[in-house]
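Accompanying notes for the structure given below.
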Amino acid sequence: MKKSIYGLTRDQLIEWLLEHGQKKYRAEQVWDWLYIKRVQSFDDMKNVSKECLDILKENFVIQTLKESVKQESADGTIKFLFEMQDGNLIETVLMRFKYGLSVCVTTQVGCNIGCSFCASGLLKKNRDLDAGEIVGQIMKVQEHLDQLQQDERVSHIVVMGIGEPFDNYTNLMSFLRTVNDQKGLAIGARHITVSTSGLAKKIIDFANENIQVNLAVSLHAPNDELRTKIMVINKAFPIEKVMDAVDYYLEKTNRRITFEYILLKDVNDHVEEAQQLAKLLENKRHLSYVNLIPYNPVDEHGQYQRSSEKSISAFFQTLKNKGINCGVRMEQGTDIDAACGQLRSKQIKKEKVKN
Ligand code: SAH
Ligand code: SF4
């Protein structure tokens, strides 16, 4: 099966075309057709020679994703379910905020990290997405926007869909370089956030990349005992290791880091845990932000419920009083299963019933 040309960064496209006997300016033209004019067929690349188009067509397709379901919520959130060439389904969410249009992308089919509260972890990882399939999600959403003819652009990206991005590191980096490219989509690095469950070694690699993309770490508990209970990955990368990597990242980049903390009723939402969390972050208060996430209930994880409003605000206030920057994540699209992995897992269940 031919892969998507979206999988090549601009440098890789230049190199590939040079290797195939083409001039560098051809690559610049092709890049422009792909990301500025956003054509869907090689034949529409009007100023590119037939010879060049022929070798491109022999080796690549433009888009490999097909829209399978599109659900629009009352608040403007749109959830897309895309079918890949091998039939696997992935989900992508477009959210409308005051500051712009943000897309949540998927990096893997399923996830092997297996956090106990997450719908994605229910389905073991089937495979990594290649870079073209990750970029393809942004291009599909942009295509949807282009069709509306309201001159809207995807302005922000969160890598928070299905999968652990740092478990698919090379493709992730390639994706980031492509969407950030100044001659293409030019989505600002500061407008992109990658979320990880805390793969410490990769946090260090990421710090060394020299890219201004934001990092979010899913912490969810302030001590190892509790964190191991809800995230088994904590056995491999306990809090101390994650924090060492975070310190390295902060020192190297001087960029603020976000800590995500899902509030699970009576599990990790007591004032005591808020105090422990404040203590843990004490020495990096100036460069950290805690994102408190009200839990989105998942049918299969009936042991967890969302914390009460009262606990959420007590937790928030405790952090605030200790001088920790924090906020409670606003919800989007709950009426359309917009939480991580939920539409996909429901769709797969429906299909199983059908078959
Ligand atoms: N694998 C990465 C990124 C994808 S998950 C990670 O874990 O960070 C993105 C965020 O959604 C994570 O913070 C994750 O813990 C959170 N999440 C997963 N399931 C959720 C649910 N049911 N309700 C609320 N947040 C959830
Ligand atoms: Fe994977 Fe993230 Fe879900 Fe954990 S929360 S299972 S790491 S997608």
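Count begins at 1; order follows the chain as displayed.
Using N, Cα and C of the backbone, Cβ positions are placed for all residues, glycine too.
TrEMBL labels come from automatic prediction, so no person has curated them.
Cross-referencing S73, S102, S116, S195 against the S-adenosyl-L-methionine binding annotation in TrEMBL, which names G163, E164, S218, L219, H220, N296, picks out S195.
For E164 (S-adenosyl-L-methionine binding site), applying a Cβ distance below 8 Å and a minimum sequence separation of six or more within one chain yields T107, Q108, C111, N112, I113, T196, S197, L199. Taking only the Cα positions, the spacing between S195 (S-adenosyl-L-methionine binding site) and C115 ([4Fe-4S] cluster binding site) is 14 angstrom. Taking a Cβ distance under 6 Å to any atom of ligand 1 as the criterion, the recorded positions E91, S218, L219 reduce to S218.
Spread of the S-adenosyl-L-methionine binding residues is 19 Å (greatest Cα-Cα distance among G163, E164, S195, S218, L219, H220, N296).
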